[in-house]
């Protein structure tokens, strides 16, 4: 049996539908909004047009069946790892993962594929970053804490609206003495650079893109 499925060979939506107590399908195509709903794998009504729209795309919402699964609560860390892997294989596709239970958002946006991947090509926010709801950098704060245990306590006591928490390992690297290639190959340094959002180096560094104007 699989602990985590990496793919269902093209029949994923059918399997998800069969294992869900409810599934809603909304399709934007040919200027119209099409919708259909299923319960326990069976259609509630035929595919119907419910409105007009100029954009295209598909939205699938599903509720895992408690009759099939003993655990129906999603683990956001597992989802984040899987979507990060998918971002490597789908260059140019922007993937956004939102956990509305704790106002957490991950963004995976890889401009190039695996053939040109480097340590800093991954523009997705770090998986351990508990981001804040505030989008204005001037009002946003980033707290760097040592270790996951401290990170857990900090996340519980923070103000989610304006305070972000990023757990890091202690004494990660002396970047003043390290070579540049060793510095960017450090997972912790790369995580910090990605979280700050302003890049590194003469060509990529842009202080205007700094995501937090207060870093503690």
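Easy rule for this one: first residue shown is 1, then count along the chain.
Glycine residues also receive a Cβ, built from the backbone N, Cα and C atoms like all the rest.
Per Swiss-Prot, domain 'Toprim' is recorded for 140-216.
Take the CB of residue 171 (site 'Interaction with DNA') and look out to 10 A: across all protein chains shown you find 8 other CB atoms. The annotation site 'Interaction with DNA' is assigned in Swiss-Prot to 171 (among others).
Note: residue 174 (site 'Interaction with DNA') has no non-local neighbours, i.e. no same-chain residues 6+ apart with C-beta under 8 A of its own C-beta. Feature annotation from Swiss-Prot assigns site 'Interaction with DNA' to 174 (among others).
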